[in-house]
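Since the structure comes first, as structure tokens, the remarks are kept for the end.
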């Protein structure tokens with residue numbers, strides 16, 4: 001799932017920790033969700049994980065990537 005940072009903030013405020021920057025990157029506009037349902041972070045800024053565009057397939061963070 002891909003959402004804007006603004007939309008993410010509204011929908012998922014109950015989650016305290018998100019992204020590897022722990023929410024410090026307030027300038028990043030888009031976020032991607034890790035497909036691992038047990039990912040402790042779940043949401044990542046495109047910029048923080050090196051994405052320039054939305055992934056075409058499922059996306060896993062580096063900690064959850066089955067091929068990592």
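Any Cβ shown, glycine's included, is placed from N, Cα and C.
All annotation found in TrEMBL is predicted automatically rather than curated by experts.
Keep in mind that this is a model prediction, so the values were computed, not measured.
Listed features, source TrEMBL:
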- 16-67: domain 'PHD-type' (DOMAIN)
- 19, 21, 45, 48: Zn(2+) 1 binding site (BINDING)
- 34, 39, 61, 64: Zn(2+) 2 binding site (BINDING)
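Cβ-based neighbour count (10 Å, all protein chains) for residue 45 (Zn(2+) 1 binding site) stands at 23. When DSSP labels each residue, the domain 'PHD-type' (16-67) comes out as 3 helix, 7 strand, 42 coil, counted as helix, strand and coil in that order. In the structure as shown, the Cβ atom of residue 21 (Zn(2+) 1 binding site) sits within 10 Å of 14 other Cβ atoms. Around residue 34 (Zn(2+) 2 binding site), a 10 Å sphere centred on its CB holds 22 further CB atoms from the protein chains shown. Counting in whole angstrom, residue 45 (Zn(2+) 1 binding site) lies 11 from residue 34 (Zn(2+) 2 binding site) by their C-alpha atoms. The binding-site residues shown are 19, 21, 48; of these, the one with its CA atom nearest the CA of residue 64 (Zn(2+) 2 binding site) is 19. For the domain 'PHD-type' (16-67), the model gives a mean pLDDT of 88. Here the Cβ of residue 39 (Zn(2+) 2 binding site) has 15 other Cβ atoms within 10 Å, regardless of which shown protein chain they belong to. With respect to their backbone Cα atoms, residue 48 (Zn(2+) 1 binding site) and residue 61 (Zn(2+) 2 binding site) stand 11 Å from each other. Neighbouring residues of the recorded Zn(2+) 1 site, listed in sequence order and excluding 19, 21, 45, 48, comprise 18, 20, 22, 23, 24, 25, 28, 31, 44, 47, 49 (Cβ within 8 Å of the Cβ centroid). For the pair formed by residue 34 (Zn(2+) 2 binding site) and residue 21 (Zn(2+) 1 binding site), distance between Cα atoms is given as 15 Å, rounded to the nearest Å. Counting only residues at least six positions away in the same chain, the Cβ atoms of 20, 34, 36, 39, 41, 44, 49 sit under 8 Å from the Cβ of residue 61 (Zn(2+) 2 binding site). Scoring each of the binding-site residues (19, 48, 64) by how many neighbouring Cβ atoms lie within 10 Å, the top position goes to 19.
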